[in-house]
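To start, the structure under review is shown below, and the notes come after it.
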Ligand SMILES: NC(=O)c1ccc[n+]([C@@H]2O[C@H](COP(=O)([O-])OP(=O)(O)OC[C@H]3O[C@@H](n4cnc5c(N)ncnc54)[C@H](O)[C@@H]3O)[C@@H](O)[C@H]2O)c1
Ligand SMILES: CC(C)[C@H](C(=O)O)[C@@H](O)C(=O)O
Ligand SMILES: [Mg+2]
């Protein structure tokens with residue numbers, strides 16, 4: 001918020017509770033007033049949810065329902081999760097520097113379908129008297145086609161290579177996914193399409209991450225692979241994301257969660273949140289120069305040696321933000 005305000009763009013900010021804070025204040029993680037404000041806003045900047053105090057609540061009252069509910073209610077089906085190596089941070093990657101250098105990939109993750117929202121789901125007792133949990137993985141062809149189109153459009157603006165990641169060797173859902181992606185590909189002859197099973201993709205992200213340009217994948221696989229990609233470029237504290245609807249309205253948030261293990265210590269890396277604000281300016285508020293100013297300030301701060309603990313340094317959250325502000 002300090003970085004956005006420093007840009008002096010005449011933005012008007014309103015805030016509302018979501019997640020554990022909202023549950024504790026009023027008994028629901030996504031209060032109607034919060035959803036209403038989100039609907040009225042031109043763009044949404046989201047702080048992470050997740051509160052260990054709430055881990056034993058029924059699923060529909062858990063803090064995570066705030067973000068899942070917003071994504072679903074607002075039709076935010078397209079999740080863009082870029083992972084790009086900062087040259088100064090190559091030493092912070094979990095990978096060897098020569099493998100980490102030059103990573104520049106975009107994960108296009110479907111965000112309102114898959115096993116996350118499948119129905120039926122629940123608990124039951126088997127005939128043998130055992131407790132059983134079940135969730136349903138599903139996609140219809142329209143849901144796959146619309147995210148595939150966005151994947152191709154995204155790849156077209158990048159290096160024109162799209163890798164669709166699935167588990168079509170086992171899952172019926174993935175077999176449909178792959179067929180539909182191939183059908184959509186007919187409209188994008190200029191984009192090179194490849195397919196990869198998700199288990200191999202997890203390995204290739206570590207072995208040859210520079211080989212990826214644009215990835216299109218389902219909700220669950222995209223969730224997992226994006227955390228992995230963050231470690232390839234240095235830290236989960238670096239990766240922003242955009243969740244977009246069909247008209248480009250969006251919600252912007254770091255890919256990370258509430259980091260309960262370090263919460264309240266003032267040491268979380270704020271760059272993922274700051275870079276999410278830059279994505280918001282670019283995609284929803286049509287202020288590309290302001291977005292570039294933020295991204296350039298982050299790059300300069302890192303080049304100057306600004307490091308929070310996750311990057312091997314000692315700056316606090318606030319001090320890291322100060323360093324970005326100083327470079328704006
Ligand atoms: N979109 C979201 O709001 C979102 C995303 C992921 C997880 N969650 C929730 O967050 C809670 C914690 O989940 P988790 O621990 O699996 O994931 P997490 O992303 O919160 O943390 C994973 C690890 O990364 C570290 N980390 C995360 N963000 C960091 C940052 N900015 N700077 C430095 N280190 C950082 C944490 O300290 C932790 O060690 C859970 O309740 C989960 O459901 C929410
Ligand atoms: C908190 C959780 C619901 C969420 C997800 O699984 O989508 C998170 O992990 C993310 O990556 O945004
Ligand atoms: Mg996640």
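Glycine too: its Cβ is placed from the backbone N, Cα and C atoms.
Copied over from TrEMBL, here are the features:
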- 1-324: domain 'Isopropylmalate dehydrogenase-like' (DOMAIN)
- 71, 81, 109, 199: substrate binding site (BINDING)
- 116: site 'Important for catalysis' (SITE)
- 167: site 'Important for catalysis' (SITE)
- 199, 223, 227: Mg(2+) binding site (BINDING)
- 257, 258, 259, 260, 261, 262, 263, 264, 265, 266, 267, 268, 269: NAD(+) binding site (BINDING)
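Put simply, 223 is the one of the recorded positions 81, 116, 223 whose Cα lies nearest to the Cα of residue 257 (NAD(+) binding site). Close contacts with ligand 1, defined as a Cβ under 6 Å from any of its atoms, occur at 259 among the binding-site residues 71, 81, 223, 227, 259.
Those same-chain residues not listed among 199, 223, 227 yet with C-beta within 8 angstroms of the centroid of the Mg(2+) site C-beta atoms are 198, 202, 220, 221, 222, 224, 225, 226, 228. Taking Cβ-Cβ distances under 8 Å and a sequence gap of 6 or more within the same chain, the neighbours of residue 223 (Mg(2+) binding site) are 109. In this view, residue 199 (substrate binding site) is surrounded by 13 other Cβ atoms within 10 Å of its Cβ, with every protein chain counted.
Local packing around the binding-site residues 227, 261 was summarised as the count of other Cβ atoms within 10 Å of each Cβ; on this measure the leading residue is 227. Highest local Cβ density among the recorded positions 81, 167, 267 belongs to 81, counted as other Cβ atoms within 10 Å over all protein chains shown. In the structure shown, the C-beta of 259 has more C-beta neighbours within 10 angstroms than that of any other entry among the binding-site residues 259, 263. Of all Cβ atoms in the protein chains displayed, 28 besides its own lie within 10 Å of the Cβ of residue 109 (substrate binding site). Candidate recorded positions: 81, 109, 167, 199, 223, 261. Those with a Cβ under 6 Å from ligand 2, in sequence order, are 223.
Residue 227 (Mg(2+) binding site) and residue 263 (NAD(+) binding site) are 19 Å apart (CA-CA, integer value). With a cut-off of under 6 Å between the Cβ and any atom of ligand 3, the binding-site residues 199, 223, 257, 261, 263, 267 reduce to 223.
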